[in-house]
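Visitor: So that we are looking at the same thing, I have put the structure below in structure tokens.
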Amino acid sequence: MPSHTSRRGLLFGAAALSTGALITGCTSNESKDDDSDDKSQQVADDKPGKKVTIGFAGPQADHGWLNAINDNAKKRAEKYSDVTLEATEGSNDTAAQIGQVETLINKKVDVLVVLPADGKALTQVGLKAMKAGIPVVNLDRVFASPQAYRCWIGGDNYGMGLSAGHYIGEKLKDKKNARVVELAGLDNLELTKQRSKGFDDALKNYPNIKKVARQAADFTVESGQSKMSQLLQAQKNFDALWNHDDDQGVGALRAIKQAGRDDFLMVGGAGALSAMQAIEADNSVLKATVLYPPTMAASAIDLARALGQGKGVNGMAEFEIPSFVTCYSAVVDKENVGQYMSTGFK
Amino acid sequence: MTQPAPAAEAATHKSTPADGGSPWRAAVARADVRTLSLLGVLAALIVIGGITQPDSFLDSDNVQLILTQASVIGVVTVGMTFVIISGGIDLSVGAIVALASVWATTVATQDFGFAGILFTAVIVGMGCGLVNGVLIAYGAIVPFIATLAMLAAGRGLALQITDGKTQMVTVDGVLKLGERDSYILGIPPLVLVFAAVTVVGWLILNRTTFGRRSVAVGGNAEAARLAGIDVRRQRLYLYLLSGLCCGIAAFLLIILSGSGQNTNGNLYELDAIAAVIIGGTLLSGGRGTITGSVLGVLIFTTIQNIFALNNLETATQQIAKGAIIVAAVLVQRRSATTS
């Protein structure tokens with residue numbers, strides 16, 4: 001497999017990289033009608049191409065981040081005149097979502113983008129779509145079988161923990177016996193465990209820092225306020241707090257204000273607009289947030305469009321779109337918040 | 001367990017005060033073994049908290065914290081006590097809190113300031129309670145189903161209003177109430193509201209015709225009807241009362257969290273029912289106390305506080321909570337049957 005890829009890369013990649021972009025850039029009008037085999041060397045760009053109908057099945061937007069996912073997908077699809085988006089009503093009910101995806105298969109959409117409420121439970125219908133010749137872009141919550149999707153794009157929960165841990169580690173590296181507290185998300189979810197694991201692994205690089213407490217909340221403002229006020233009561237002094245989620249962070253910040261505490265730095269998670277605004281204003285303990293970018297939904301539409309048009313990805317030598325794309329969990333702090341503000345979600 | 005059907009008693013006492021003596025003596029007389037055993041459980045928890053975390057558990061900040069956290073669910077539980085005493089159940093309390101809180105925190109209400117938010121929360125709560133009451137009393141739909149439907153519809157509506165977004169409160173007067181400057185003699189305003197609701201609830205249940213009718217309807221609805229009580233109207237009022245309590249709780253939650261979110265009040269129905277049952281109210285209706293329910297809430301909140309202070313993991317917390325619920329009920333039943 002590796003030798004196969006590298007051979008293809010060597011033979012055609014260089015050519016595609018140097019000339020492919022040039023050709024599509026300059027002669028896109030002609031190449032639109034061109035059905036010759038160098039079509040596979042083309043990379044997707046903003047210019048109108050072959051018409052593509054993308055079926056989008058997302059979850060119920062009962063949370064700021066999921067809402068941003070749906071927004072990002074719709075806005076990006078509107079940007080392309082050659083893309084028609086068939087979006088289903090979001091659902092957290094596995095059976096309902098399977099039904100929705102089946103409806104999209106029956107409508108014979110060209111490409112499917114699916115953010116399953118439960119990745120494992122939607123695997124079968126993903127396989128069904130693939131067998132019906134409809135490539136599936138699996139968004140974020142991964143299917144149980146790689147055969148059920150052509151491409152996966154999603155966030156990096158472990159990486160979120162790592163980024164948060166390293167950021168806090170760098171801030172506290174000169175402090176002796178530094179104490180860190182973690183306000184985790186919903187413990188029933190595997191992603192919460194991954195975030196905590198990444199955080200713990202990052203902190204291992206800083207022997208002067210000790211994690212003294214960890215409590216899990218439910219990703220809601222109410223739970224964030226409640227759990228944080230108890231954490232503050234339990235830990236009379238600590239140097240840094242990592243909160244897994246900016247929505248529950250609204251509650252956590254409220255609890256911190258109510259307790260009148262400002263003796264530590266706080267790092268959030270996900271990238272909500274309110275968190276970014278607080279970071280920019282720099283008037284609270286919240287100094288940074290680790291992204292779990294909802295823009296991945298826009299990227300999923302890009303990838304789906306490229307799939308539908310049989311094109312590759314701009315800036316990569318590959319003929320095809322990649323099978324696996326993991327988004328980076330960047331740290332947004334006062335220095336770079338301006339750059340990320342537009343991705344903040346309500 | 002085997003008290004006489006209170007319907008006849010209620011009918012004969014209809015227009016006279018229940019007791020002639022001082023309210024305090026009556027209260028002590030009524031404080032049965034169940035209440036004392038609950039106080040025992042709470043005292044035991046306080047000892048456990050004090051031993052495991054002597055520095056943080058017993059300081060005044062923590063007492064304020066426990067009482068504040070008990071306030072929101074506590075107000076809901078007072079309303080739930082009435083409904084369960086009447087032989088009903090209200091599964092929609094969490095959804096009503098969510099709906100009232102998001103409706104009260106929409107941008108439109110914020111223009112009307114403090115009063116607008118409070119008014120909206122209470123009206124929405126009572127509106128939902130009214131719908132429950134009409135369905136149950138006049139539509140003859142069993143409370144379990146009617147309030148289950150309200151649970152689903154209320155959550156759905158709350159989600160639709162917010163579109164999944166957290167609605168921040170911008171009204172200073174509301175936000176201030178949750179902060180330290182507003183404490184009155186060291187007591188957070190939320191706790192004062194909780195205390196007031198408890199006292200009023202206690203008075204209504206034990207000192208008014210409405211209270212005796214509620215018990216009568218729960219003990220034996222047919223006997224109550226024969227004794228001249230308009231059972232249907234009584235049921236309507238009871239769900240309206242529960243809705244009102246949810247509206248007040250929603251307002252307290254807005255103060256506490258500074259926002260409205262469709263996930264607010266998550267699983268309140270289960271917490272409130274559990275507190276009422278632990279408090280010694282019969283799930284089949286006919287008997288119950290406000291004091292017991294409020295002690296049930298305090299026990300729950302104190303347990304959670306001790307868990308958090310000792311940094312227990314979520315799984316351990318849930319297992320321990322389940323064990324403590326069973327233990328509390330067993331202790332009560334034992335002390336009630338041996339007395």
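Backbone N, Cα and C define each Cβ position, glycine as well.
TrEMBL entries are annotated by machine, without manual review.
Residues or ranges marked as region 'Disordered' by TrEMBL: B:1-23. Taken from TrEMBL, the feature transmembrane segment applies to B:33-51, B:63-84, B:91-108, B:114-135, B:142-162, B:182-205, B:236-260.
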Visitor: Taking the transmembrane segment (B:236-260) as reference, which of B:63-84, B:91-108, B:114-135, B:182-205 has the most Cβ pairs under 8 angstroms?
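Guide: Highest pair count goes to B:114-135.
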Visitor: Same chain only, please: residues at least 6 beyond the ends of the transmembrane segment (B:182-205) with a C-beta under 8 Å from a C-beta of the stretch. Say none if there are none.
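Guide: Same-chain residues near the transmembrane segment (B:182-205) but 6 or more away: 60, 64, 67-68, 70-72, 74-75, 78-79, 81-82, 85, 176, 211, 214-215, 245, 248, 252, 255-256, 289-291, 294.
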Visitor: Same-chain Cβ contacts of the transmembrane segment (B:114-135) under 8 Å, 6 or more residues past its ends?
Guide: 90, 92, 95-97, 99-101, 103-105, 141, 143, 146-147, 149-150, 154, 169, 171, 173-174, 235-251, 254
Visitor: Checking distant contacts: for the transmembrane segment (B:63-84), what same-chain residues at least six beyond its ends satisfy Cβ-Cβ under 8 A?
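Guide: For the transmembrane segment (B:63-84), the far contacts come to 90, 93, 97, 143, 183, 186-188, 190-191, 193-194, 197-198, 201, 204-205, 214, 218, 238-239, 241-246, 248-249, 252-253, 256, 265, 268, 271-273, 275-277, 279, 281-283, 285, 288-290, 293-294, 296-298, 300-302, 304-305.
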Visitor: What residues elsewhere in the chain lie close to the transmembrane segment (B:91-108), defined as a C-beta under 8 angstroms and at least 6 residues from its ends?
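Guide: Residues 72, 76, 79-80, 116-118, 120-122, 124-125, 128-129, 132, 144, 147-148, 150-155, 157-158, 161-162, 167-169, 242-243, 245-247, 249-251, 253-254, 259-269, 272 contact the transmembrane segment (B:91-108) from elsewhere in the chain.
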